[in-house]
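A short worksheet on the structure shown next.
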Amino acid sequence: LAGTYSRSVLSSIERRFELPSTISAVVSSSYQIGNLTVMALVSYLGSKVNRPRFLAAGSLLLFIGYILVVLPQFLGDLYVFADLSTTSTSNHSQTFTCTEVAEITPHSTSCEMEEEKANSNMYIFIIVGMMVCGIGGAPTQPLGLSYVDDHASEHNSALYIGIITTITLVGPALGYLMGSFCLKIWVDFGRVDLDSITIDPKHQSWVGAWWLGFIVCIVVIAIASFPLWFFPKHLEKPEEKTKEYLTGNHSATEPFHRKRVSWKKKKGLGAAFARLFKNPQYICVLVIFTSIGFKIAGLGTFVVKYLEVAFGKSASQSSFLIGAINLPFLIIGTLLGSVIIKRWKLQKLGMVRLCICGFVLSFACMIPSFFIGCDTIAHAGLTVPYPTSAETEIADGVESTCNSMCHCDQNTYIPVCGPANITYLSPCHAGCTDTSSESGKNEYTSCSCLGANGTSQSVTIGRCFVSNCEESVWGVIVSKSLSNFFSGMCITAIMILKMRTVLPQDKSFGIGIGLLVYRVLAAIPGPIAFGALIDSSCLFWSQNPCSNRSYCTVYDNHKYRRGFIGLVLIAQIASIVAAIVL
């Protein structure tokens, strides 16, 4: 719940604290970094400690960590925004018009003030808090799943783990829905007069109440962790589990481990590593787990932004679509996979076959998303020629003869809408030399780049529209939902295979190492790889004149879609191949 919610509000945190993308990347990965520092040790100690109390102690760290995350909201100043479309900022907006005199670089004092504000260290609380949460969350899967598996019969274990996994997937669904709700509320509600807020959630300066959902998470974690303090170290074991531990045998690890009986007698961290990484079955399961994790890490981080850029949905709308429609299919698929394993009493080979079928069907359902998308909205000089240009091709750069004398800032994106639904990068790029303030809103007039009779026409603040095929988003939602359903059928099987392909005493360690490898090879590099592909599709970069920080404001939608969905499909192919080898 908290992990997914934090990703859904990351862009708001970035705007609130004026963070460059490098710092926001650290914020998003700090949970994984904290988790990595202790995962191997926690997993190794799993069979030697009271696992429920260890989980409860970890939950206490989660409680403390998320308190640190919300502190900046209450220790810092109120968020200040500027609405360029109102008459109150008309003097500011005048600087974006066409002028024969080059704009003067902002005064050094104002730059120093802006840098002082942007360099506020409040965001460090969020990074430290997320790292503490990563440490606290480390015991959850390796100790929690192994505790359940150790104290349930083999076939009931599949159902129990499936239920736990399903509940675990309900968390992200609720996280996206909670993000959708909280991002509609002004960040400083309760501290400011909301009537003074003149912008809405679709405005580029809007910051929602990013901190509110973390308060909910803190309360839920405190309630859910309380019973864990009272569980015993061992519950009464089913007869088959008792025999398994007394003999040291494990049906799922034969005949592979039977050839290496001497390894069972070896103790220590090094011997445990050797047993895992010389086990080809476990390696194949790791490849499957990591490739699927790579896909999930990228989708989880950027799917909301993808729906914003590709189909013009707001962050709140995108979060709702993912949480209310997309993820429930994953939950149903996961529960169905658990029932199939229990109903037909699938052993290792049967579970692998289930995975292959699920992966292939998931891949097939995802293919339509590669082709469904909108054209990039018309931007003069970027996607279409200027109306006044005799050229039929788009020239290099965003200037034209109609604005070549305007000294336009080539790093500023203040979009305005002109005739024929063509968006211009700024009033200056539209060749506008004057403004008017009718109806309380700024309009730019006397524009030389609007085509015939352009000087008698005006442009308005904002893009002409945010998408030219917004309804196509439903095709992507259906495609991804079906893909999620078939992927979900494999999740419980993968979880069980991670435990069934290792010796009983290595169960917690095997789960933990699997999560460690997942974080090193998928959870941390996955979003970076997806982000690099997304950045490569950028058509126009805006830049802060004081800090020189750049961020993309216009994307090539087709290139964005092919890179984003293409990388998802590649990860799915890797999981199919690994499952066939297994």
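Cβ atoms are placed via backbone N, Cα and C, with glycine included.
Bear in mind that TrEMBL entries carry predicted annotations, made automatically and left uncurated.
Feature list (source: TrEMBL):
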DOMAIN    1-582  domain 'Major facilitator superfamily (MFS) profile'
TRANSMEM  20-42  transmembrane segment
TRANSMEM  54-75  transmembrane segment
TRANSMEM  122-138  transmembrane segment
TRANSMEM  159-187  transmembrane segment
TRANSMEM  207-231  transmembrane segment
TRANSMEM  282-307  transmembrane segment
TRANSMEM  319-340  transmembrane segment
TRANSMEM  352-372  transmembrane segment
DOMAIN    396-448  domain 'Kazal-like'
TRANSMEM  473-497  transmembrane segment
TRANSMEM  509-534  transmembrane segment
TRANSMEM  563-581  transmembrane segment
Review point. By Cβ distance under 8 Å, which residues at least 6 away from the ends of the transmembrane segment (159-187) in the same chain are close to it?
Key: 1-5, 7-9, 12, 16, 73, 79, 144-145, 148-149, 152, 194, 197, 201, 207-213, 216, 300, 304, 315-317, 319-320, 322-324, 327-328, 330-331, 334-335, 337-339, 341-342, 488, 491-492, 495-496
Exercise for review: Six or more residues out from either end of the transmembrane segment (20-42), which same-chain residues have a Cβ under 8 Å from its Cβ atoms?
Suggested key: 3, 6-7, 10, 13-14, 54, 123, 126-128, 130-135, 137-139, 142-143, 269, 301, 512-513, 515-516, 519-520, 523-524, 527-528, 531, 547, 549, 551
Review point. Who are the long-range neighbours of the transmembrane segment (122-138) in its own chain, taking Cβ under 8 Å and residues 6 or more past its ends?
Key: 2, 6, 13, 17, 19, 23, 26-27, 30-39, 42, 57-69, 71-72, 75-76, 512
Check your understanding: Among the recorded stretches 207-231, 352-372, 509-534, which has the greatest number of Cβ pairs closer than 8 Å to the transmembrane segment (282-307)?
Key -> 509-534
Study note, to complete from the structure: Across the domain 'Kazal-like' (396-448), DSSP yields 6 helix, 15 strand, 32 coil
Exercise for review: Run the contact check on the transmembrane segment (352-372) against the transmembrane segment (563-581): 3 or more C-beta pairs under 8 Å, excluding pairs closer than 6 in sequence.
Suggested key: yes
Review point. Per-residue pLDDT averaged over the domain 'Major facilitator superfamily (MFS) profile' (1-582) comes to what?
Key: 82
Revision key, fill the gap. Near the transmembrane segment (473-497) in space but 6 or more residues beyond its ends, with Cβ under 8 Å, are 145, 157-158, 161-162, 165, 169, 281, 285, 288-289, 292, 307, 310-311, 313, 321, 325-327, 329-338, 340-341, 346, 348, 351-352, 354-355, 357-359, 361-363, 365-369, 372-373
